[in-house]
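S.K.: Quick paste of what TrEMBL says about this protein:
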ACT_SITE  154  active site, nucleophile
ACT_SITE  317  active site
ACT_SITE  350  active site
BINDING   223, 351  substrate binding site
DOMAIN    377-436  domain 'CBS'
DOMAIN    438-492  domain 'CBS'
Ligand SMILES: CC(=O)SCCNC(=O)CCNC(=O)[C@H](O)C(C)(C)COP(=O)(O)OP(=O)(O)OC[C@H]1O[C@@H](n2cnc3c(N)ncnc32)[C@H](O)[C@@H]1OP(=O)(O)O
Ligand SMILES: N[C@@H](CCO)C(=O)O
């Protein structure tokens, strides 16, 4: 299929296998570990533009574009592509199938090297943290030290949150949608009913069913139950009301009569053609175990996180209700961690995170464009020491083609700044020492400040560049109005 506007075009799932054993939360190890993944866009030279997308319960690595011969795009195609929120003209977008899944990554239907047969229930129980550990292997394999963002909805949002606490140095932004920081009793309850439906199917056979005779009845029922929780009362009423399916009056029996019944049968049926029953057990168990709280405190759980966060809920989501997003926001705010919160207004229910593309594109796009100084600043900039001469300063400025030169004290922290305008003044007024011309009260920027705020400060003070300093006033870069306007020009 040729590339369409806004589409990443034809895509293909890649596979990588790691032979080094993957330690799991349960104490078991998994080896070898295969990860199925797709990428869209190009990784830049600095490897700083990578975004990891994490999928929900039944998703896979195919998040965007079209597989050869297929007409349905990837599951988050509405937000991934040129000009979309996850803009593949700017970002290198990665999506991988979770371990425990059945879409190419190692899971219970993979061959157990110890027996030569599918693992089935010999597959170790996994957690969301284990899924993230496996993703870290992939990210390392791709040579990426720090992700520009990790994003996902539902279980994908849990993985994104998990990244922020397990690998705080390896992720700059987290986008968590329609999710929670710890599974609730109600969520565990629905998962358990689904699992019981599968395990009660005689075809499940203790998990050792042959690939061509899976427990379809149990899996169908599990999905029907699950799918109800992905919708809302309003969405069901709007979609089906009390409409009958293919008949004009009720039949006083137990065959399928209502449209909503027919719809759920359809959803259950199609699910059995694309999903493995044992993977359903393992992944829902991972959801149950998910709890980022430490000593029952979510604030303590997020204490080490370093990313900035976007938390999004769906107004009609009763499976992962907005109050659970608000808990995440409060826990982050308690740690002084930058966080934005948005509630998508939608009647769709939980699956709104797969459908509300207009709102998602706007909210995510705005957040990703909400650049921080560290995203824009120039690093490795020239500096000069306090005792140097005006001649030294002008030579360094000419050699490096810069108009701003931070002046460092003997201790190495910021003592002042000298500009090409100061040099011109020095020549005109015949000043001899750097001390006479440099400004000592320097307006600075911090790496975690939003660029927009710094741009406002520069405008108010009529300054065209600010040194970026760390907590010890060590100069770590420079942000200039030129760099900001180049960026804005590129983004419009
Ligand atoms: C999140 C991840 O990481 S990936 C996992 C996401 N993917 C899924 O969950 C796949 C299954 N889920 C769905 O299809 C979800 O409903 C969504 C959210 C993805 C799509 O939502 P919508 O576009 O609103 O589709 P909707 O829920 O109406 O379902 C449409 C299907 O129901 C069928 N349908 C609609 N009404 C009826 C009915 N009365 N009787 C039988 N079937 C019906 C349609 O024919 C269509 O079938 P098809 O998907 O086989 O073509
Ligand atoms: N429809 C989604 C819902 C779970 O979040 C899925 O099947 O993965």
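Just so you know, glycine gets a Cβ as well, placed from its N, Cα and C.
Remember, predicted model here, so these are calculated numbers, not experimental data.
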S.K.: For ligand 1, list the recorded positions among 223, 317, 350, 351 whose CB atom is within a distance below 6 Å of it, in sequence order.
M.R.: 351
S.K.: Cα of residue 317 (active site) to Cα of residue 350 (active site): how many Å, rounded?
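M.R.: With the alpha carbons as reference points, the distance is 4 Å.
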S.K.: Calculate the distance in Å between the alpha carbons (Cα) of residue 350 (active site) and residue 223 (substrate binding site), and round it to a whole number.
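M.R.: Approximately 15 Å lies between the Cα of residue 350 (active site) and that of residue 223 (substrate binding site).
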S.K.: If you measure residue 223 (substrate binding site) to residue 154 (active site, nucleophile) at Cα, how many Å is it?
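M.R.: The Cα atom of residue 223 (substrate binding site) is 16 Å away from the Cα atom of residue 154 (active site, nucleophile).
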S.K.: I need the CA-to-CA distance for the residue listed as 'active site, nucleophile' versus residue 351 (substrate binding site), whole Å please.
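M.R.: The residue listed as 'active site, nucleophile' and residue 351 (substrate binding site) have their Cα atoms 9 Å apart.
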S.K.: CB neighbours of residue 317 (active site) within 10 A?
M.R.: 29
S.K.: What kind of secondary structure is residue 350 (active site) part of, going by DSSP in three states?
M.R.: coil
S.K.: Count, for each of the recorded positions 154, 350, 351, the other C-beta atoms lying within 10 angstroms of its own C-beta, and report the residue with the smallest count.
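M.R.: Least crowded of the recorded positions 154, 350, 351, by Cβ count within 10 Å, is 351.
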S.K.: Check residue 223 (substrate binding site) against DSSP and tell me helix, strand or coil, would you?
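M.R.: DSSP assigns residue 223 (substrate binding site) to helix.
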S.K.: As a test of reading the model: what is the averaged pLDDT for the domain 'CBS' (438-492)?
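M.R.: Here the mean pLDDT over the domain 'CBS' (438-492) amounts to 85.
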S.K.: What are the DSSP helix, strand and coil residue counts for the domain 'CBS' (377-436)?
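M.R.: Result for the domain 'CBS' (377-436), in helix, strand, coil order: 24 helix, 16 strand, 20 coil.
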S.K.: For the domain 'CBS' (438-492), jot down how many residues DSSP puts in helix, in strand and in coil.
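M.R.: Counting residues by DSSP class gives 22 helix, 14 strand, 19 coil.
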